[in-house]
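Engineer: Got a structure for you, written out below as structure tokens; questions coming shortly.
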Ligand code: SF4
Ligand code: SF4
Ligand code: SF4
């Protein structure tokens, strides 16, 4: 009898804080069960035992910011059946994409005494800007139950159940009173992708969009509303320029109000 | 000896990316270069022009393992500028969430990253095949740490509930009390785990460290204190820049920090243990002695024991805080911007994490400096490696490589946070 195929999982890191891959190690209750069903073949942060590719599923964390990484991501695509990006860094360039709006050489000389030692790209970009990806999981950090759902969906060849409505819909679902309406707090919920179960509003703070834009967000309408509430243009630019600054709808919106 | 080159391509079980280059000539170590190739992310640059209230959330993204260190360091620096002092229950709640981070990070390191080294196991998964109960209990302790972070912060990675002046929402008494049972179980589990680890075989290796840690007369320092060393340093945090200097070396994107004039120093659990031991709880001290630790510890391979001593301490501290908790009247003190420069430093699991900001009257950040513990420890790691390789120069390259990796992992180097780590090259001639 042929041995059953044990799928091979690889986890890759680019420019990031490691928070998204840490989500996998934070699955304390599920970790050993996952390890029983799939082979953790390449996960340097957690294991020094590295099994050669090809891999069934590659999880990619982090954004592309160096010439070397630009090349590395293509190699990963070639050895992976499915590539899933995890987190705002990998799906939108992350917080480090704030460089995209400035002169990176100025940044280098601000931080490093000897700029010529540093090799970096002028922009921080999403993985999908370089290769074809099979799914993008949002969040900064990602939500670990969504990660587990995704891994199991891909390994069983079914469609992952990851909703694409807004954080507002999650507020309604959990019965949180809208803090934008009731307290006048600035909230990005209307344009933000669901996935966190409307966490911030439940802690009395506005959403700062760590999950990035939902599908077809009406950013212009939110901006107009916020301006009417007395939010200054500079602040509006900063609001859209957070952990998903380089996601197209947010980038365009921030550039519009920068002028 | 023959000319030889050996290469370690990626250092596993550390946070972030880096490599190591060794040069050995006729049995004498000539050069050790710890290489950090973590791509630079430029936090200090893009913080300029941001609102001072955004600093805790933005800087937390420097590191997913110790976001609280960044959130609280940045908050304290901003509060200092604006003349606000967070005290009482709000300060205690900050200490509580920090114990959660210590537990989660220390247990992750001790069991998932460091312990496999003592068994030549590749990972915690392999370890779990031999000691399933031990690993299960470790995961449960780690989860207890994460639960503290979730209740107080909303989530364990990049919590959303911390702000300048305090919190967005403070927990109800019963929400915290609900954690007690698991914390009490975990406290005992941590004692057992330390005793289990104490039976590991530790390489004989002793280093002459200058330890640097925060020290607070009232408690085992976590949230702040004075910069204190075993070689006479005793300074307020705002003197940090006069004490430690950063240097940019060609082989690393991480800036190297070291003591002005004196050279390398060591931050983190060993430093805290050696400097602030008296302030640990009786149970933590007693278990430390039972585990064979002396009053002082100079063997970096034993830092895993010290981490577990701190885990016991953190569980006890969490229990104490929760039992004494009274809900504060307001979740935060208002922090109004005013122009100035402020300093913040806290004890992250890996050591002192330092922040300095300058803001204008509108609260817009003009300048920032953030020094993660790994950038200070980096040159100390190189020194350890130098001595370790020299003492074991006769070993095969393969064994030497494993020894070096272990030595580096002792430090729990957080490479993404040093933003500023591992491939290994050995050149012998
Ligand atoms: S998306 Fe956020 S949590 Fe994930 S790696 Fe990037 S900075 Fe870290
Ligand atoms: S609080 Fe924010 S996310 Fe919730 S309903 Fe209101 S706008 Fe939407
Ligand atoms: S509410 Fe918004 S900012 Fe808060 S966790 Fe959810 S997506 Fe992120």
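Just so you know, glycine gets a Cβ as well, placed from its N, Cα and C.
Sharing the feature lines straight out of TrEMBL:
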{"type": "BINDING", "residues": "B:44, B:370, B:420", "note": "Mg(2+) binding site"}
{"type": "BINDING", "residues": "B:63, B:66, B:414", "note": "Ni(2+) binding site"}
{"type": "BINDING", "residues": "B:66, B:417", "note": "Fe cation binding site"}
Engineer: Select from the binding-site residues B:44, B:66, B:370: which have any Cβ-Cβ contact with chain A shorter than 8 Å?
Structural biologist: B:44
Engineer: In three-state terms from DSSP, label residue B:370 (Mg(2+) binding site) for me.
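Structural biologist: SS state of residue B:370 (Mg(2+) binding site) = strand.
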Engineer: Of B:63, B:66, B:370, which of the binding-site residues has the most Cβ neighbours inside 10 Å?
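Structural biologist: Its Cβ has the most other Cβ atoms within 10 Å: B:63.
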Engineer: What whole-number Å value do you get for the CA-CA distance of residue B:66 (Ni(2+) binding site) and residue B:370 (Mg(2+) binding site)?
Structural biologist: 14
Engineer: Give me the count of other Cβ atoms within 10 A of the Cβ belonging to residue B:44 (Mg(2+) binding site).
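Structural biologist: Residue B:44 (Mg(2+) binding site) is surrounded by 22 other Cβ atoms within 10 Å.
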